[in-house]
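Per Swiss-Prot, these features apply:
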- Thr2: N-acetylthreonine (MOD_RES)
- Lys494: N6-acetyllysine (MOD_RES)
- 96-131: repeat 'HEAT 1' (REPEAT)
- 132-168: repeat 'HEAT 2' (REPEAT)
- 240-276: repeat 'HEAT 3' (REPEAT)
- 277-314: repeat 'HEAT 4' (REPEAT)
- 316-353: repeat 'HEAT 5' (REPEAT)
- 396-433: repeat 'HEAT 6' (REPEAT)
Amino acid sequence: MTAAENVCYTLINVPMDSEPPSEISLKNDLEKGDVKSKTEALKKVIIMILNGEKLPGLLMTIIRFVLPLQDHTIKKLLLVFWEIVPKTTPDGRLLHEMILVCDAYRKDLQHPNEFIRGSTLRFLCKLKEAELLEPLMPAIRACLEHRHSYVRRNAVLAIYTIYRNFEHLIPDAPELIHDFLVNEKDASCKRNAFMMLIHADQDRALDYLSTCIDQVQTFGDILQLVIVELIYKVCHANPSERARFIRCIYNLLQSSSPAVKYEAAGTLVTLSSAPTAIKAAAQCYIDLIIKESDNNVKLIVLDRLIELKEHPAHERVLQDLVMDILRVLSTPDLEVRKKTLQLALDLVSSRNVEELVIVLKKEVIKTNNVSEHEDTDKYRQLLVRTLHSCSVRFPDMAANVIPVLMEFLSDNNEAAAADVLEFVREAIQRFDNLRMLIVEKMLEVFHAIKSVKIYRGALWILGEYCSTKEDIQSVMTEIRRSLGEIPIVESEIKKEAGELKPEEEITVGPVQKLVTEMGTYATQSALSSSRPTKKEEDRPPLRGFLLDGDFFVAASLATTLTKIALRYVALVQEKKKQNSFVAEAMLLMATILHLGKSSLPKKPITDDDVDRISLCLKVLSECSPLMNDIFNKECRQSLSHMLSAKLEEEKLSQKKESEKRNVTVQPDDPISFMQLTAKNEMNCKEDQFQLSLLAAMGNTQRKEAADPLASKLNKVTQLTGFSDPVYAEAYVHVNQYDIVLDVLVVNQTSDTLQNCTLELATLGDLKLVEKPSPLTLAPHDFANIKANVKVASTENGIIFGNIVYDVSGAASDRNCVVLSDIHIDIMDYIQPATCTDAEFRQMWAEFEWENKVTVNTNMVDLNDYLQHILKSTNMKCLTPEKALSGYCGFMAANLYARSIFGEDALANVSIEKPIHQGPDAAVTGHIRIRAKSQGMALSLGDKINLSQKKTSI
């Protein structure tokens, strides 16, 4: 056992720089010194005994000269001294001197000072000698009637401990404490007494509870918590008692203490699965979330609500509470809001979706009135996505949502506007009846759009879905308005010339000489340098984008103009109008090409954009039926296929999720005939109090996989060889932020090994909590040594060290056995996670650490290799299965995972199979890993390389 596992009541720091005092000097100070000297001497004695010194000669001195003193500090120190001093002879008999000490205990138990009485009673809880306790029993009983509650509650604790360890000393303890409990008024005393009855005589505790079950609401919160625990344990052991106590739990839901309400709600859910019980518990959880200010508490209680939702029967009850759950959105914390919106979205039904949409619309409008903040922007995105999902699931709601969301297309926050655009694109494709409304609203906000990315998307939607002659003309009008005066080059040159004239007449301040790219001189005044800012602000949006050198939007505009021109030709029969419209579209494209070739834009037009615009010009000049089909039919079909694939993917993931949630009973499962209780009823559940205690102690028992190979033996690491004098192997147990090394050490020699010490050191973000204690191993004996290691981040860590020992009777130096390195597997800390494509791209751009891993494998199938990487790295593939299906010789996929420390890990797999090398050619390519920290990126890269080596063998 390690030092941390031994029972220890007192920890005292030992100064290493001072010399230990002699027994004679201590004896002199204890006999003849003043109170201060005796106090210091007593402290030194305590430290020496803790260090292993016996000091038997000082026991009588302390009894004679220190024990009679009434100083409170000395009395406190004496309690520590009597706790640690050896009280028995080597053969186990009580020392005669302890009779005198026992008399001192009795006097302290009758002391007029309540603190001395109470602290003495607490000290008696630690005594393990029945001979010392027996004479004190009358005094301990008398303390139950003391006027002060501090004495009474410690007397209850003392009686409970003595009854548990030495029942014969006080056989009537349960009856005594029951009588005490009936007449007691103090909350802490009642709590201690009731707790003792729960563990010592549960029937008496239940009898007492039955007599006062109607007054439970008036009890203090500490007693109420114990009552909840008792009811849970009783009903867990005996489900037939549920009807007897369920009303009490209902009453405790109205307690003034949040802790009691939380525990009562959790217990009620386990006691009953009736809709009224689930509704009451859920309502209690919601009230707690709203009223508690601590965000951690809110998140914990939200998790309990989410757990309730996982049960199919409970989910139907929670659906009626969606509007109550939405009250949690008043919390400013983003994580709480995110979980709340997801929960509401999972629970929403056709009955309450209208109310949900109304609340979300109000929340969206509220975000407009709040000063711009990063969390406000993110919250707006969450609201947009939630409304998007509602509209897809409930198409009738889309008409109410669209007008509110369309206003956000002109928002400064590009991410929120992009989410709105994605929603609008899906809505206009899915809902034919809303196309007119969407086009109308899009035209209203088109001129106010500030982001070029949103502008491109809006252009595409307008070009694809304006189907009437009036809409087409409106789109052309908006484009002309957004482009400004044409031809652009001539109008810009005229504007420059027009603006320079008045400036020439004004005498301006200092004129600065500048050298142009051509090597000539140019002048620039303070006035002329400040003018462009105002001029740029006055530019129409599309013109501004083009002059800034963003010609990608011009390529998108050319496609839009081509689509609407071809559609206009099909709708209007008059040749003159057809030619006029097509000519106008071609003029706009030509003027943009001219601008791109000129020196006016900040960046010249790219060859790709020139090719695209030229192609559109050619299509309009020829107007062939084939091109008409490609532009007006094939594009829309591509979007339809993409949305169908996305919807199918979502349905598939939901189906998998529901299959996980559904608890199926196998045909060969044993049947519980008693009341034909279902498998998920309480008598088959684990004790929640016991589970939480185990979790707090780090002893959480994880469920092993069905595969027999996935046992603890898989994690045993051999540290030394079988031929070494000391054989060692370790089991690495990972428990969230801790690693426990359980090391088996075997003495393989015929000698006794003394001071056998396991010396460990760490590499990486690991920290050894304590140094394992040395031990002695008999010939061919073995022992287990435990060592705790703290983990701070997801990074490959290495634990290394050696075992040193002395051979009994040998005069040689210490012997040393070097241990093999223990590599900590980061897969224990990485969990698959999901994020949107936009979030993935944003993180990809932000993360500064990249690790590029070259593919080196014998595998010949692209999909098999991807599955191998997913299994090796514990990451989730974000790329839809449909996009990965089929065979084309290459594959690209995005992977994502998150560590338990909140670190994100991204990976992009880009692999191909060289076709010219035949069907047996190995997969080639590379994997790029990005993370915020260097350790995460390197660790994942190492993991992939290691997995590749295994496949290459």
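Glycine is treated like the rest: Cβ placed from N, Cα and C.
With a threshold of 8 Å between CB atoms, the same-chain residues lying at least 6 positions outside the repeat 'HEAT 4' (277-314) that come near it are 246, 250, 253, 258, 261-262, 264-266, 268-269, 271, 320-321, 324-325, 327-328, 330-331, 333, 335-336, 339-340, 343, 346-347, 661-662, 680. Within the same chain, residues 87, 94, 98, 101-102, 105-106, 109-110, 114-115, 117-119, 121-122, 124-125, 174, 176-177, 180, 184, 186, 188-189, 191-193, 195-196, 199-200 sit at least 6 positions outside the repeat 'HEAT 2' (132-168) and bring their C-beta atoms closer than 8 Å to a C-beta of that stretch. If you take every residue in the repeat 'HEAT 4' (277-314) and average the pLDDT, you get 90. Counting residues 6+ beyond its ends, the repeat 'HEAT 3' (240-276) has Cβ neighbours under 8 Å at 209-210, 213, 216-217, 221, 224-225, 227-229, 231-232, 234, 282, 284-285, 287-288, 291-292, 297, 301, 304, 308, 311, 313-314, 316-317, 681-682, 685, 688 in the same chain. The list of residues near the repeat 'HEAT 1' (96-131) in space but at least 6 beyond its ends in sequence, with Cβ under 8 angstroms from a Cβ of it, reads 9, 59-60, 63, 67, 72, 75-76, 79, 82-83, 87-88, 139-140, 142-143, 146, 148, 150-151, 154-155, 157-158, 161-162, 165-166, 169. Same-chain neighbours of the repeat 'HEAT 6' (396-433): 353-354, 357, 361, 364-365, 372, 377, 380-381, 384-385, 387-388, 390, 439, 441-442, 444-445, 448-451, 453-454, 457-458, 461, 465, 636, 639-640, 643, 838, 842, counting only residues six or more beyond its ends whose CB sits under 8 Å from a CB of the stretch. Other Cβ atoms within 10 Å of the Cβ of Lys494 (N6-acetyllysine), summed over all protein chains shown, number 11.
Residues of the repeat 'HEAT 1' (96-131) grouped by DSSP class, helix first, strand second and coil last, total 25 helix, 0 strand, 11 coil.
Helix, strand and coil content of the repeat 'HEAT 6' (396-433), in residues and according to DSSP, is 34 helix, 0 strand, 4 coil.
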